[in-house]
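Among the features that TrEMBL reports, compositional bias 'Acidic residues' is placed at 22-71. According to TrEMBL, the region 'Disordered' annotation covers 22-72. Positions annotated as repeat 'WD' by TrEMBL: 74-116, 117-158, 212-239, 243-284.
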Amino acid sequence: MDYSDENSVQFHGDEEIIEVIDLNETEQNPDDLADEFEDVDVGETEDGDDEQEDWDTDDEMEQEKEQDDSELTFSKHTGSVFCVSLDPATNSLAVTGGEDDKAYVWRVSDGEVLFECTGHKDSVTSVLFSHDSSLVATGDMSGLIKVWKVETKQEVWSFEVGDLEWMEWHPCAPVLLAGMADGNVWMWKIPGGDCKTLQGPGCQSTSGKVLPDGKRAVVGYEDGNVRLWDLKQGNATHVIKGHDGHQGALTCLACNKDGSLVLTGSVDGRAKLINTATGKVLGVFSVDEGKAKASQEDAEETNSVESVGFCNVLPLIAVAYLHGTLAIYDLSSQVLRHKCQHQVRNQPSNRLPTHNQTHNNPLIMDCRDVLLCYFHMPCYMLYNRLCVCVRLALLNCSGRSHPLWCPPVVWTGR
C-alpha cells in the first residue's frame, strides 16, 4: 500500500520540537502515574485489611482450613467411598467399600485396618455385617459377592451374579439375600452356599428388606409393585400393585420393630404404609399431593421419596424427599407433625433420623422437638448411607463431580 508523504508518520529530534500541546489536560502519562504511585503508602490505609482481601486468589481462599467436627477420619481408600456399615454386635468395627475396588474392615476407635477385602472386579457398592458381626459381605458393581469371616480375616464364600442392586443379611441366621437388575432375588446359606431364588416379575428389583420374624421379606420393584415373600416356601404371599402400588420405581423400604408394618418410598413422590399380614395399604403420604407424575419418564420432575423410616421410641414415621423436605408424621393419626425444608436426605436410627445432604454438612434431628444438630466437615457430596448407634455416627462421602474425594468420618455424641 502506497502512502503519501503528507499522511506518513515522521519522528523529529528534540531540536526540531517548538512546542508540546497537551490534547487532554486530564489524561496522564503512564510513566507519570507510575511515579505518583511510588509516593503512595498502601500499608497505612484505614481499609487496608479489606482491600487486601480483594487481592486474595481463589486458590488461597480454598486453602483456608475448613471446620471439621469429626473425631476420626479413615483415609485408606484411594477413591470415592460408596458404602459403609457398622457391626451390629458391638458398634466397634466398620466396613467401607469404594471406587478403588476394595473394602476395608477397621476399628472405629483408632481407624486401624483389621483386614482388606480384595479380589473385586469393580467398585464396591454394598457392604454389610451379619446379625452377629461374625461375617461381612461385600459386593461390587459387576455382581461379584464375597463373604469374609471377621475372626480369621479370610474369605469364606464368593458368588458371581448379574448386576447387583441391593444386599441384606437375615436378622438371625447366616443367610444372605441379594436383589438383581433382572428382578430375581437370590438367597444363600453361608458358607455352605445352598441357594434359593425368588423369581421376579421381569423388571429390576430396586430394594428389599427381611422382616424381623426372619420368615418373610418385602421387595420393591421398578414397575412400582411391592411383593411380600414367604422365604421358606419361596412364593409371594401378597402383591401390592395397580392403584395400591406405586406409579414409579421403588426407591426405599423400612419396617417397624415387629415387622407388622412396612413403609415404602418411590420416585412418584409418595410413601405408602402397608400391613404385612393383609397386604392392605393403610396410608399414603406426600408433601406434593396432586403433583406426582404418572409415568416414570417424568420421574426427574417428581419430588422423589429418597428415604423412609420408623421411629423406634415414638409412634412416628419419617419421609425424606429429593427436593430437600423432611416430613415427620404421626403413625396413629397419619397427621403431619413436622416439616423441615433443607437440602438433605434421610436415614433413620432410633428416634434420631440422620440426613445426608447434597452440600456439605450432615445433621441429626430429634423428632420430638425438631432439634437439629449440624456437623461440619470438608466434604463435597454425601451418599445416602449413614450408620448411627446411640453415641456414634459413621458416614461416607465423595467428591462427586469434583476431582477431590473425602473418606468416611466418625462422630461421637457429647
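The backbone N, Cα and C atoms fix where each Cβ goes, glycine too.
When DSSP labels each residue, the repeat 'WD' (212-239) comes out as 0 helix, 16 strand, 12 coil, counted as helix, strand and coil in that order. Using DSSP to sort the residues of the repeat 'WD' (117-158) gives these counts of helix, strand and coil: 0 helix, 24 strand, 18 coil. Mapped onto DSSP classes, the repeat 'WD' (243-284) shows 0 helix, 21 strand, 21 coil. Secondary structure of the repeat 'WD' (74-116) per DSSP, as helix, strand and coil residue counts: 0 helix, 21 strand, 22 coil.
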